[in-house]
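Listed in Swiss-Prot:
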- 1-27: signal peptide (SIGNAL)
- 55-76: region 'Disordered' (REGION)
- CYS70-CYS143: disulfide bond (DISULFID)
- ASN126: N-linked glycosylation site (CARBOHYD)
- ASN295: N-linked glycosylation site (CARBOHYD)
- ASN309: N-linked glycosylation site (CARBOHYD)
- ASN316: N-linked glycosylation site (CARBOHYD)
- 437-491: region 'Disordered' (REGION)
- TYR484: sulfotyrosine (MOD_RES)
Amino acid sequence: MALLWGLLVLSWSCLQGPCSVFSPVSAMEPLGRQLTSGPNQEQVSPLTLLKLGNQEPGGQTALKSPPGVCSRDPTPEQTHRLARAMMAFTADLFSLVAQTSTCPNLILSPLSVALALSHLALGAQNHTLQRLQQVLHAGSGPCLPHLLSRLCQDLGPGAFRLAARMYLQKGFPIKEDFLEQSEQLFGAKPVSLTGKQEDDLANINQWVKEATEGKIQEFLSGLPEDTVLLLLNAIHFQGFWRNKFDPSLTQRDSFHLDEQFTVPVEMMQARTYPLRWFLLEQPEIQVAHFPFKNNMSFVVLVPTHFEWNVSQVLANLSWDTLHPPLVWERPTKVRLPKLYLKHQMDLVATLSQLGLQELFQAPDLRGISEQSLVVSGVQHQSTLELSEVGVEAAAATSIAMSRMSLSSFSVNRPFLFFIFEDTTGLPLFVGSVRNPNPSAPRELKEQQDSPGNKDFLQSLKGFPRGDKLFGPDLKLVPPMEEDYPQFGSPK
């Protein structure tokens, strides 16, 4: 079973000092109460009180589309194109995060970040809008927020939950069109900040706790005094293995940090696990798809060399590389460590490096408000729990697969992983694990248990190898029955 939670918050501040905005009537209800229109509020709705008009200066305006164009269901071609764009954005984002992080293990939800940025794109104009579209690899089409919203609504019912909320400084004038689209596409019901930091923090953290089913207890520890708008979204994913691991087979084992050291881990095991896996043309990376129910997959990438970095691997990966045709499930002896990962980060520097520095300096967000706004913070937190629980496979499947020849796939060295929604191909989470048990003391390997990479790769000699660790294009070897080796993992 995999339990994942992703949370992201964008905060906006006034561009020049605190905002002094006079509003005769508060258009938002107090923090923590849902917007309603009672019998004494029939004359005008709360949203109408925020209407400042939809006329904007010349130039490219906020994301708009002809009536009905973006309300249609995504076509297979649009879904396919969006999945590839999201994969490219994921690689860009995670490569930069990994370059600057000193943490042994990382996890983030690129979908959560993309949703927040596409939410922002609803109110972005001119160069700000263009940069957002470029970073998200979305081209110039106006329907990105609508496509992401529609696809997220259809993701694995029961396993996937997306919650969003918008917090506003009391009385701050937000354009009605932005509020309406936020509610329609992201379910981000506007709630006003009280101005009392202690109360606001308590209420925000309570919402986060409820949205993540208690897995993120305290997300924010403080708010900038000049914060006028917060966008939060929380992703909750509970993935049950389609073929569960037998807890009685889980045992203490070694995870190889490098050529010299190991750490003890709880290793889940299965003797005949139905697994889709393959090697790339240069056999330094093993890739396996562990299926969840509800059309989700935990995709593991295990480089066979210890000397690798995330940027090297992701630079040569694409959606098509990780989703090859004609790769079928086969009975496999599997070892996979139980995991608990938690990582929180500020993405301001990372997004600036991607080309969005304008958001934090002088963005054009006049589709949100005529008041000058600047993004003051982008906080993200994700959590992953990986355990044995799943849904038992049908007995007929087990019997049929047990008649086939067995291979082995062992995740006992540093690896990357993705969680994909298989129907749409959207990457929900991405992460890397260098040390699944960082609190444990490192153990020195005995000499005979420390084979060199040359020895380790002898079992892969049936596959062509290139001269470089990671070549310019990682391609797949056509899978053939006789080409599946018995992996000789380090012990």
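Note: Cβ is positioned from N, Cα and C throughout, glycine not excepted.
On the structure: features taken from Swiss-Prot.
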| residue | record | DSSP (3 states) |
| --- | --- | --- |
| CYS70 | disulfide bond | coil |
| ASN126 | N-linked glycosylation site | helix |
| CYS143 | disulfide bond | coil |
| ASN295 | N-linked glycosylation site | coil |
| ASN309 | N-linked glycosylation site | coil |
| ASN316 | N-linked glycosylation site | coil |
- Protein Cβ atoms within 10 Å of ASN126 (N-linked glycosylation site), excluding its own: 17
- Item | All-chain count of other Cβ atoms within 10 Å of CYS143 (disulfide bond) | 19
- Message: To the nearest Å, how far is the Cα of ASN316 (N-linked glycosylation site) from the Cα of ASN309 (N-linked glycosylation site)?
- Response: 12
- Integer Å value for the Cα distance linking CYS70 (disulfide bond) with ASN295 (N-linked glycosylation site) is 25
- Densest Cβ environment (other Cβ within 10 Å) across the glycosylation sites ASN309, ASN316 belongs to ASN316
- Nearest of the recorded positions (ASN126, CYS143, ASN309) to ASN295 (N-linked glycosylation site), judged by Cα-Cα distance: CYS143
- Note on the structure: Rounded Cα distance, in Å, between CYS143 (disulfide bond) and ASN126 (N-linked glycosylation site) is 16
- Task: Using a 10 Å cut-off, grab the number of neighbouring Cβ atoms around the Cβ of CYS70 (disulfide bond), all chains included.
- Result: 20
- Between ASN309 (N-linked glycosylation site) and ASN126 (N-linked glycosylation site): CA-CA distance (Å): 36
- Query: Counting across all protein chains shown, how many other Cβ atoms sit within 10 Å of the Cβ of ASN295 (N-linked glycosylation site)?
  - Reply: 16
